[in-house]
């Protein structure tokens with residue numbers, strides 16, 4: 001597969017340095033503690049994404065309890081799922097300031113609090129705040145660090161590691177559905193949410209496992225030597241990462257000046273603290289508080305500067321054209337995967353296939369094959385002769401073809417085949433962090449992937465209501481699949497166009513230099 005800037009040793013203008021510095025590799029990269037990170041991310045996907053896939057059980061209980069419309073009640077689940085992804089860019093700010101471990105632990109507490117407070121809901125609007133917003137934000141604070149940490153700990157087997165960790169979504173959908181159904185039957189939905197809140201505290205344990213790498217370990221990743229079979233595509237797509245690096249020189253210089261100023265402030269506080277020991281012991285407590293506040297201020301300002309420069313500064317991610325195309329793709333892609341989950345039961349009912357679907361639901365076929373798709377696509381992408389980008393595009397083409405042809409299938413067998421293909425091809429979700437890291441580099445992964453999942457969240461939030469609105473007008477679900485499929489195809493076309501433009505730019509520059 002093509003490699004990222006770190007993987008190929010691309011040093012923006014000095015390729016001779018590749019492999020010139022013998023650095024002892026960290027045993028935790030691609031091994032050791034890295035597999036504990038995969039386990040942690042796997043459990044996060046079970047507890048967060050799996051629980052969200054099982055919210056249909058609670059949705060039925062809320063409809064019966066509050067006697068509200070289906071549309072209004074459904075917004076509780078939509079808010080929780082959408083906010084989990086939409087808050088991605090803001091979670092990137094927390095990661096820049098606090099790191100992945102602290103962000104995930106705080107998110108675990110917030111998520112559990114949202115579940116517990118929802119047990120005391122008196123109306124649907126109360127659930128909007130407690131479950132939709134509070135639990136949703138907490139989920140986002142755990143989900144993004146779980147993905148980012150896997151990307152930091154793996155280089156050679158990133159696709160496989162991401163595939164294994166994200167299979168927790170499929171396993172969680174089965175486990176959490178069975179668990180919530182049992183708890184609601186035995187204890188009622190309020191006690192079920194309270195118990196689920198206690199279970200969600202395990203997210204704090206998952207966060208504690210996210211041990212950060214030292215800066216030396218992160219830096220040493222750039223000296224990994226690339227294979228000859230990857231050179232052509234590496235040069236093309238690493239050029240997009242070069243855009244961010246080259247535009248970020250000014251912001252890095254300003255950051256160094258700011259750090260020097262902050263260190264002077266801390267030194268002066270320490271000097272006052274030492275002098276205070278000889279003068280009066282009463283002022284020591286106040287000086288320690290002042291020192292702590294100063295250190296916290298330095299951390300916040302530094303984290304905010306990194307976050308701000310990634311989005312709005314000279315090193316903005318939006319100067320990367322391929323990454324912008326990736327965002328446009330993400331705005332259309334996720335809804336095409338969510339819509340079949342929501343509308344398949346109604347399609348089955350229209351074709352009088354309910355009896356067969358009750359034996360083995362089509363949505364279960366998607367979920368089961370989806371697990372295998374993530375792992376298999378991850379293994380294929382890690383092969384030295386295979387490009388992750390090509391695997392990613394082929395999976396997208398397969399999925400959009402299935403979305404467009406699904407309304408034409410009117411028998412259970414044909415629908416089952418199409419659903420199996422949807423499940424397998426949607427396994428490309430495990431490749432999204434890998435592709436993002438290859439486009440922008442490890443340093444910008446948290447902020448960049450935050451933008452991507454934010455776009456996915458908008459798609460997940462607006463896609464299903466849009467499909468329902470189309471049905472209200474046409475009284476058919478066919479057009480919902482056709483329109484979402486065509487929009488999805490537009491996103492794929494953007495992905496195809498931008499890499500071609502990136503290839504032409506180096507050639508144009510070399511021609512101009514030759515003329516000069």
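All positions are counted from 1 along the displayed chain.
Here the Cβ of each residue, glycine as well, is placed from N, Cα and C on the backbone.
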Of the ranges 192-210, 211-229, the one TrEMBL annotates as transmembrane segment is 192-210
Matching range for TrEMBL feature annotation, transmembrane segment, among 8-26, 103-121
103-121
Which range is transmembrane segment per TrEMBL? Of 289-307, 479-497, it is 479-497
Go through 33-55, 75-96, 192-210, 415-436 and flag the stretch with the largest number of C-beta pairs under 8 Å relative to the transmembrane segment (127-148).
75-96
Of the listed stretches 160-180, 359-377, 389-409, the one with the highest count of C-beta pairs below 8 angstroms to the transmembrane segment (192-210) is 160-180
In the same chain, residues at least 6 away from the ends of the transmembrane segment (359-377) whose Cβ sits under 8 Å of its Cβ atoms read 53, 159-160, 163-164, 166-167, 169-171, 173-174, 340-341, 344-345, 348, 391, 395, 415-416, 419-420, 422-431
Across the domain 'Major facilitator superfamily (MFS) profile' (37-503), the model's average pLDDT, rounded to a whole number, is 77
Given the transmembrane segment (448-467), its same-chain partners at Cβ distance under 8 Å and 6+ residues beyond its ends are 78-79, 81-92, 143-144, 147-148, 151, 310, 317, 323, 326-327, 330-336, 338-339, 342-343, 432-433, 436-437, 439-440, 477, 480, 484
Please work out which recorded stretch in 33-55, 75-96, 389-409, 479-497 has the most C-beta pairs separated by under 8 angstroms from the transmembrane segment (160-180)?
33-55
